[in-house]
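Engineer: If you look up Swiss-Prot, you'll see 2-64 marked as domain 'LCN-type CS-alpha/beta'. Positions annotated as disulfide bond by Swiss-Prot: 12-63, 16-36, 22-46, 26-48.
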């Protein structure tokens, strides 16, 4: 696994206000834990600890929300 911003299918981060929301999201996806990183590179976004390799993460490039 890796520590990273978990991504939605369009390479967009999950915006957040509370770490509890991110912890639930991350652990549901197989991570050890997660928290809301405030004022990070992509604003307030969920960051996961030890997220499985099969789960998409935010990478360089634009976020493509339809």
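Here the Cβ of each residue, glycine as well, is placed from N, Cα and C on the backbone.
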Engineer: Given the disulfide-bonded residues 22, 26, 46, 48, 63, tell me which ones have a C-alpha lying within 10 Å of the C-alpha of residue 16 (disulfide bond).
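Structural biologist: Taking 22, 26, 46, 48, 63 one by one, the ones whose Cα falls within 10 Å of residue 16 (disulfide bond) are 22, 46.
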Engineer: To the nearest whole angstrom, state the Cα distance for the pair residue 26 (disulfide bond) and residue 46 (disulfide bond).
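Structural biologist: Distance between the two Cα atoms comes out at 8 Å.
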Engineer: Give me the Cα-Cα distance between residue 63 (disulfide bond) and residue 48 (disulfide bond), rounded to a whole Å.
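Structural biologist: So the Cα of residue 48 (disulfide bond) lies 18 Å away from that of residue 63 (disulfide bond).
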Engineer: Helix, strand or coil by DSSP: which one applies to residue 63 (disulfide bond)?
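Structural biologist: For residue 63 (disulfide bond) - judged by DSSP and reduced to three states - the answer is coil.
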Engineer: Do you know offhand how many angstrom separate residue 46 (disulfide bond) and residue 12 (disulfide bond) by C-alpha?
Structural biologist: 11
Engineer: Going by DSSP, is residue 12 (disulfide bond) part of a helix, a strand, or coil?
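Structural biologist: In the DSSP reduction, residue 12 (disulfide bond) maps to coil.
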Engineer: Measure from the Cα of residue 36 (disulfide bond) to the Cα of every one of the disulfide-bonded residues 12, 22, 48, then give the nearest.
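Structural biologist: The answer is 22.
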Engineer: Could you tell me the C-alpha distance between residue 22 (disulfide bond) and residue 48 (disulfide bond) in angstrom, no decimals?
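Structural biologist: If we compare the Cα positions of residue 22 (disulfide bond) and residue 48 (disulfide bond), the gap is 8 Å.
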Engineer: With the cut-off set at 10 Å between Cβ atoms, which of these disulfide-bonded residues ends up with the most neighbours? Options: 12, 36, 48.
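Structural biologist: Neighbour-count leader: 48.
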Engineer: Which whole-number value in Å describes the distance between the Cα atoms of residue 48 (disulfide bond) and residue 12 (disulfide bond)?
Structural biologist: 14
Engineer: Going by a 10 angstroms cut-off between Cβ atoms, which of the disulfide-bonded residues 16, 22 has the sparsest surroundings?
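Structural biologist: 16, out of the disulfide-bonded residues 16, 22, has the fewest neighbouring Cβ atoms within 10 Å.
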Engineer: Applying a 10 Å Cβ distance cut-off over all chains shown, what neighbour count does residue 46 (disulfide bond) have?
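Structural biologist: Neighbour count, Cβ to Cβ under the 10 Å cut-off: 27.
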Engineer: What number of additional C-beta atoms lies within 10 angstroms of the C-beta atom of residue 63 (disulfide bond)?
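Structural biologist: Around residue 63 (disulfide bond), other Cβ atoms within 10 Å: 12.
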